[in-house]
Amino acid sequence: MHHLHPMIVCIFVMYTGIVGSDAIAGDQLLNIGVIQSKIRSLMYYTDGGASFIVVKLLPNLPPSNGTCNITSLDAYNVTLFKLLTPLIENLSKISTVTDTKTRQKRFAGVVVGLAALGVATAAQITAAVAIVKANANAAAINNLASSIQSTNKAVSDVIDASRTIATAVQAIQDHINGAIVNGITSASCRAHDALIGSILNLYLTELTTIFHNQITNPALTPLSIQALRILLGSTLPIVIESKLNTNLNTAELLSSGLLTGQIISISPMYMQMLIQINVPTFIMQPGAKVIDLIAISANHKLQEVVVQVPNRILEYANELQNYPANDCVVTPNSVFCRYNEGSPIPESQYQCLRGNLNSCTFTPIIGNFLKRFAFANGVLYANCKSLLCRCADPPHVVSQDDTQGISIIDIKRCSEMMLDTFSFRITSTFNATYVTDFSMINANIVHLSPLDLSNQINSINKSLKSAEDWIADSNFFANQARTAKTLYSLSAIALILSVITLVVVGLLIAYIIKLVSQIHQFRSLAATTMFHRENPAFFSKNNHGNIYGIS
């Protein structure tokens, strides 16, 4: 029984153009400056299976009857081996099974050399595990490489013993087939050698560009769709269409960036590279439309206003939701999301989008406002009350009635339009119904606080000037503080010196007083001694009890 490849289960309706909707009143919203710029389908995606592509990096040359020696091929082989050697060594380090006696980390039953990964995220470790798993099937991969080595077809599907589908891609074989095979017998060997060398050198340059980041660590840096496009060349769309088996437009898938590749293994013997292509699983939400809205300023009682509406909405089952799509991938025709980002909108805004313009909320604009015109679907939408709208072909000035919110200018009205200094070539006819009976003057408009851009700018300038003044005052006080601090320091030093001086003077005075006292004592002692010497009889009689010294 034939096994279908489990890589992708996709439910998709081919995008053929989405017409106007019933939930959003696009024609009526034009009166207040709301334009539907783009309508896209809503797609959900999740991680899917993987497909494997074998890239043959060396072409097969047709036989030359033994008369030609193609030296450029040998040089290419040597250079290519040098280029791929770091990749081969790195893949070997990641996939090497650590000895059971040493410390190991196991993921999904395989052993990953974590030292080769360094600091890795969960996704990067998952990629490394994929490399290890692929190397566990090295025998099947080698058999696969051998089976495609002799073919010179650009794309050939082969199935290994495990019934795993892989695609052998020889990106440069197309060049070889077209440039060499038909003329191998009619030109000189040197010319063929030079031609082959130029082709191989160009491809080497592309390979160097592709594998610049992978040389560091292929497990941590997946191949982008741009790298895959360079690597697989013109065969990429064929590979995708044959392998994905889906109605999803190939260009749409490629532009989404959701298709990535991972280098799994390299065969040095055959110079073949095994790449794992990761393709998400897609499913479309039937009947859902993601609509981009552009709101330009409109005229209301000779005042410039802008309506408050979301930038992007989701229309589904006659309901409207705000849909920013911040975590989604937006392509020209689809929005790819992992989950629904829709959120409710206010009732007044909902009624406004449904066509009840009296429920719309506007913000007055004072000053310059850049969103005064929009160019969508080949038609110009402009607020010609706030802009000078001049038609260059045929020459005339476009006037806008006071009751009209905006002016809609198609090719019937003007083929080349001048808005101030901008020039637009109008290419389409406006075929929607413009509700001319709606008057902005009679509308029951709910105003928010005015958005005065000029005053806001002046306020900002005043704040900046005030900040500069405060900074200048701060610097002045800081300088004053530094000056005062200096004076305080000098005063403190002077005070300390004064105290020291007073202490020294006090000590000197005390010393002088003590010295004078000692001098007085010395003088008294000297006088007593002198009197004793001059009157010895007095002291002798006195010593016997006769105080007067008379016998």
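The count begins at 1 with the first shown residue.
Quick reminder: no glycine exception, Cβ is built from N, Cα and C everywhere.
Just so it is clear, the model here is predicted, and its values are computed rather than measured.
Checking Swiss-Prot for coiled coil across the ranges 92-117, 326-351, 456-481 points to 456-481. Here Swiss-Prot annotates a disulfide bond for C389; of C384, C414, the partner residue is C384. Feature coiled coil, per Swiss-Prot, maps to range 132-160 of the set 16-44, 132-160, 161-189. Taking the Cα atom of each, C360 (disulfide bond) and C328 (disulfide bond) are about 29 angstrom apart. Geometry remark: C384 (disulfide bond) versus C391 (disulfide bond), CA distance 12 Å. Using CA atoms as reference points, the recorded positions N69, N77, N90, C389, C391 were checked against C337 (disulfide bond), and the closest is N90. Mean pLDDT for the coiled coil (456-481) in this predicted model: 63.
Ranking the glycosylation sites N69, N77, N90 by C-beta neighbours within 10 Å puts N90 at the top.
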